[in-house]
Amino acid sequence: FNLALPWNSFRFIAKPCAINLGIQDSGPHRAQPNAILEKVFTSITKSPDGKRLEGLSKQLDWDVRKIQRWFRHRRNQDKPTTLTKFCESMWRFTFYLSIFFYGIRFLWTAPWFWDTRQCWYNYPFQPLTSRLYYYYILELAFYWSLMFSQFTDIKRKDFLIMFVHHLATIGLITFSYMNNMVRVGTLVLCLHDASDFLLEAAKLANYAKYQRLCDAFFMLFGVVFIVTRLGIYPFWILNTTLFESWELIGPYPSWWLFNGLLITLQILHIIWSYLIIRTAYKALVRGKVSKDDRSDVESSSEEEDVTSNSTKGVFSTSSNGSNRINGHVASGQWTEE
């Protein structure tokens, strides 16, 4: 499954929606053409230090602040437009929402949804239905697309965490499929999809400049994220994979790897929950969600850039073209777990 095709096709739907909301296809301010600065930017560094700035200032007879501004504009001009980000977030929102409700509808009639011990009865001789198969393949294809797109996105503060998350998720989906642990795998997938579409909804509201709606979606996302990842996940998922499986089928070599991956996800959940709570605290102090600490901070931004954006909303600054995720998520914008 190649998810690039539906994303490219979806832009023909999302773009008219964005235009109707008043979102313009206008990019950031472009840097003034300058061969010397362009050579430094492309060949040496995108964020020159003080010593190099002084040298360039003498060479060009420019003020240091003007050179800093040029490099900031040059970095920003490669970022996608708000329209592009809106279309990408709308595609992610549609996918997350659709796959979540597909999973809920499928699991509602599944016995293991109501009794997790059913995940291990008659294991590994459990049938693989067509609906379960397509649920797994779609999720696996989507996370592979996130894995590859991460290397073409603008680097964010949580790049390493997201890379580990994608590796763990792909490893879990593949490993559980190969070992026919698909019953408990569907529970993990559905639980993780419960909050992702809310994050993308917050981004859409921000791009459309509905700040109150954006903040409301973000707060709702935070609540659902913490409840599902710090409450339901350890007491429902980890309980059955660590204890019920041990009781019913006993430990085996792959049991340790499977649970190791699940515990890795839980560690990431704790890190992200801390960042969400910190952002929510800042919102209460300042009266709105002012800055998100988890992702979408340009790795080469100067302190001046971060400060100038700190008064904007949670999703107010630029993101990359293919993700924001990212969702997935410059300063103040989230990316998709």
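Cβ from N, Cα, C; glycine included.
Going by TrEMBL, these are the annotated features:
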type: DNA_BIND; residues: 39-82; note: DNA-binding region
type: COMPBIAS; residues: 311-325; note: compositional bias 'Polar residues'
type: DOMAIN; residues: 37-81; note: domain 'Homeobox'
type: DOMAIN; residues: 84-285; note: domain 'TLC'
type: REGION; residues: 292-337; note: region 'Disordered'
type: TRANSMEM; residues: 93-113; note: transmembrane segment
type: TRANSMEM; residues: 133-152; note: transmembrane segment
type: TRANSMEM; residues: 159-178; note: transmembrane segment
type: TRANSMEM; residues: 217-236; note: transmembrane segment
type: TRANSMEM; residues: 256-277; note: transmembrane segment
Secondary structure tally of the domain 'Homeobox' (37-81) (DSSP, helix then strand then coil): 31 helix, 0 strand, 14 coil
Best-packed against the transmembrane segment (217-236), counting Cβ pairs under 8 Å over 133-152, 159-178, 256-277, is stretch 256-277
Same-chain residues at least 6 beyond the ends of the transmembrane segment (256-277) with a Cβ under 8 Å from one of its Cβ atoms are 161, 164-165, 168-169, 171-172, 175-176, 179, 181, 188, 221-222, 225-226, 229-230, 233-234, 237-238, 241-242, 292-294, 337
